Amino acid sequence: MTPHINAKKDDIAKVVLMPGDPLRAKWIAEQFMEKPRLVNEVRGMLAFTGQYKGKTITIMGHGMGIPSIGIYSYELMKFYEVNTIIRIGSCGALQGSLNLQDLIIAAKAWSESIYANDMGVEVPADKILMASPQLVELAKKTANQLQLAFHEGLVFCEDAFHQIRKDVLKLAQEKHALAVEMEAHALYANAMLLNKQALTMLTVSDSLVTHAALPAEQRQATFKNMAILSLEMASQLV
């Protein structure tokens, strides 16, 4: 147990799927898993462990932003000995070639955040951290098997949701970042630090280019494909 997770060690599987919203974790568990059990509810950050195609998997929310996912992913990897975390979330498109509902496999994440430095991770000069190559390849293979189109590349991991400095977003576009989100860089930093595996997969919910946005009811339906993709991946990793 930790100050933020009260599950017993054996209650958490070695592969954890992490949406930002704990209610989305609940939805995935109830919709797709057999016999899901609530194993954490500290601070409302729900976690469920259950079976998918006979394999034990945990689904847990991580909250919003680098500090939040930094805490939860670190504690899962460090104290619960989780081997793999796959973040499944939403993002804002930074390139005009991306459409709403597009799937992104975030092979790389760039951020101006100091989180990785504070954790003692050796950050390269370009401030880009990598997802686990094995997970990137597994995501692509599984997406192809499910006939899901996807984009693979760099995402910009932002600290401020209500970003005022437009030059930062312009710089992200110049770096050819596909989209902006708020957690991948910290997740990859923790995986590097603790020698674990991590990947972020995202669905485009908004566009900072066209200013289009998915209504709430469509976001849930679109998220379904990514949830199934992540579960199929997890079942191959356990």
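Including glycine, each Cβ sits where the backbone N, Cα and C put it.
Not measured: the values here are computed from a predicted model.
Lifted from Swiss-Prot, the feature list:
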BINDING   H4, E181, M182, E183, S205, D206  purine D-ribonucleoside binding site
BINDING   G20, R24, R43, R87, I88, G89, S90  phosphate binding site
ACT_SITE  D206  active site, proton donor
SITE      R219  site 'Important for catalytic activity'
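Feature map: annotations from Swiss-Prot on the structure.
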residue: H4; record: purine D-ribonucleoside binding site; Cβ contacts under 8 Å, 6 or more apart: V42, R43, M45, I71, Y72, E75
residue: R24; record: phosphate binding site; Cβ contacts under 8 Å, 6 or more apart: G61, F223
residue: R87; record: phosphate binding site; Cβ contacts under 8 Å, 6 or more apart: M18, P19, G20, H62, I69, E183, A184, L187, A198, L199, T200, M201
residue: G89; record: phosphate binding site; Cβ contacts under 8 Å, 6 or more apart: P19, G20, E181, E183, T200, M201, L202, T203
residue: M182; record: purine D-ribonucleoside binding site; Cβ contacts under 8 Å, 6 or more apart: M64, G65, I66, C157, E158, D159, F161
residue: S205; record: purine D-ribonucleoside binding site; Cβ contacts under 8 Å, 6 or more apart: S90, C91, G92, L100, A213, L214, R219, T222
residue: D206; record: purine D-ribonucleoside binding site; Cβ contacts under 8 Å, 6 or more apart: S90, C91, G92, A93, L100, A212, A213, L214
Three-state secondary structure, M182 (purine D-ribonucleoside binding site) (per DSSP): coil
Secondary-structure category, per DSSP, in which R219 (site 'Important for catalytic activity') falls: helix
S90 (phosphate binding site), number of other Cβ atoms within 10 Å: 21
Count of other CB atoms lying within 10 Å of the CB belonging to G20 (phosphate binding site): 20
Cβ neighbour count within 10 Å of I88 (phosphate binding site): 23
Among H4, E181, M182, E183, S205, D206, the record's purine D-ribonucleoside binders - longest CA distance, Å: 31
Sparsest-packed of the listed binding-site residues (E181, E183) - C-beta count within 10 angstroms: E181
R24 (phosphate binding site): secondary structure state under DSSP, collapsed to three categories: helix
In three-state DSSP terms, the structure that H4 (purine D-ribonucleoside binding site) belongs to: coil
Cβ neighbours of R43 (phosphate binding site) where a neighbour is any other Cβ within 10 Å: 15
